[in-house]
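**Q** Annotations for this protein, taken from TrEMBL, read as follows:
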- 14-32: transmembrane segment (TRANSMEM)
- 15-208: domain 'Cation efflux protein transmembrane' (DOMAIN)
- 83-104: transmembrane segment (TRANSMEM)
- 116-137: transmembrane segment (TRANSMEM)
- 158-177: transmembrane segment (TRANSMEM)
- 216-288: domain 'Cation efflux protein cytoplasmic' (DOMAIN)
Amino acid sequence: MNDAVENFKKIEKVLWIVLGLNLSVALMKILLGYNISSSSMVADGFHSLSDASTNIIGLIGAAIASKPADETHPYGHRKFETFTATGIALMLFLVSFNIIKSGIERLLHPQIPEVSSFSIIIMLITLAVNIAVILYESREGKKLHSHILVSDAAHTKSDVYVSLSVIAGLVAVKLGYPVVDPLISFVIALLILKAGIEIIKDTSRVLCDAAVIDPEKITSFVRGIKGVVDCHRVRTRGREDDFSMDLHILVNPSMTVEESHRLHHSIEEEIRRNFKGAHHILIHIEPYPDSSDQNT
């Protein structure tokens, strides 16, 4: 359990670092965007601000998820992290809607942005920061098996495309095509929406208890263990790095209680060794009707 707490402390550290970077990037984009009347840059700035808000949500989720198992949550609180990642996706949907709304207003009441080389340089700097955040958060998310960090890294990855779109829009404005600016904001909104949908698809599998591993793969493996005649009713649920498994094992009906108990432990150890992440294993032992088929 101490390892789990230590793991979440590392996740929190990453989120605090990313939060500081996202706030800095957001402020630069929003202030400059309003100063030059660029709707796409302002939209990108609020997108970065939403990144910061999701970092705060992530910190809250990580704090709850790090709590040990108790009487009301006997399997622990890890799903709170997944639930938090779903909240991040909902935030993205809201940001996407607001950007589309703002873009429509800009089309109806156009304002020509005042683009300078300085504004493009600022966007290039924020782009470099976003790339650094992606590389750092992605690496730590995979290492720590964190849904929050992986989801947030995917969110930030869309920021790179968004920033590239904004830079392209600013160049287009400078070349005399101001209508491109609000149109670029629509592209940004769609990219944000796509990132949210991908997060929902991933987290919904965990929250809806979708199978983590193909049952046939587990069945085939368990059938190869000495003493097991057959295996069926295999179910898994949870996350790839932390899932529950239950299965039924058929054995020779002449097997004693002590022998079946030893076999139970042997099967559990083999499963843990070969299926990383299987932390909760429930094995139901049944007598096989035809003992001549025993695997020896």
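Indices start at 1 and increase along the chain as displayed.
Cβ coordinates come from backbone N, Cα and C, glycine included.
If you look at the structure here, what lies around each of the features I listed?
**A** Outside the transmembrane segment (83-104), and at least 6 residues removed from its termini, the chain residues within Cβ reach (under 8 Å) are 39, 42-43, 46-47, 50, 53-54, 57-58, 60-62, 64-65, 147-148, 151-152, 155, 182-183, 185-186, 188-190, 192-193, 195-197, 199-200, 202-204, 207.
Sequence-distant contacts of the transmembrane segment (158-177) (same chain, six or more residues past either end, CB-CB distance under 8 Å): 38, 40-41, 43-44, 47-48, 51, 112-113, 115, 119-120, 123-124, 126-127, 130-131, 134, 183-184, 187-188, 191-192, 194-195.
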**Q** For the domain 'Cation efflux protein cytoplasmic' (216-288), what are the DSSP-based totals of helix, strand and coil residues?
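**A** Result for the domain 'Cation efflux protein cytoplasmic' (216-288), in helix, strand, coil order: 26 helix, 30 strand, 17 coil.
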**Q** Six or more residues out from either end of the transmembrane segment (14-32), which same-chain residues have a Cβ under 8 Å from its Cβ atoms?
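**A** The answer is 38, 41-42, 44-46, 48-49, 51-52, 55-56, 58-59, 62, 119, 122-123, 125-126, 129-130, 132-133, 136-137, 140-141, 144, 148-149, 152, 156.
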**Q** Below 8 angstroms Cβ to Cβ, which residues of this chain, lying six or more residues outside the transmembrane segment (116-137), approach it?
**A** 14, 17-18, 21-22, 24-25, 28-29, 32, 36, 38, 41, 48, 149, 152-153, 156-157, 159-160, 163-164, 166-167, 170-171
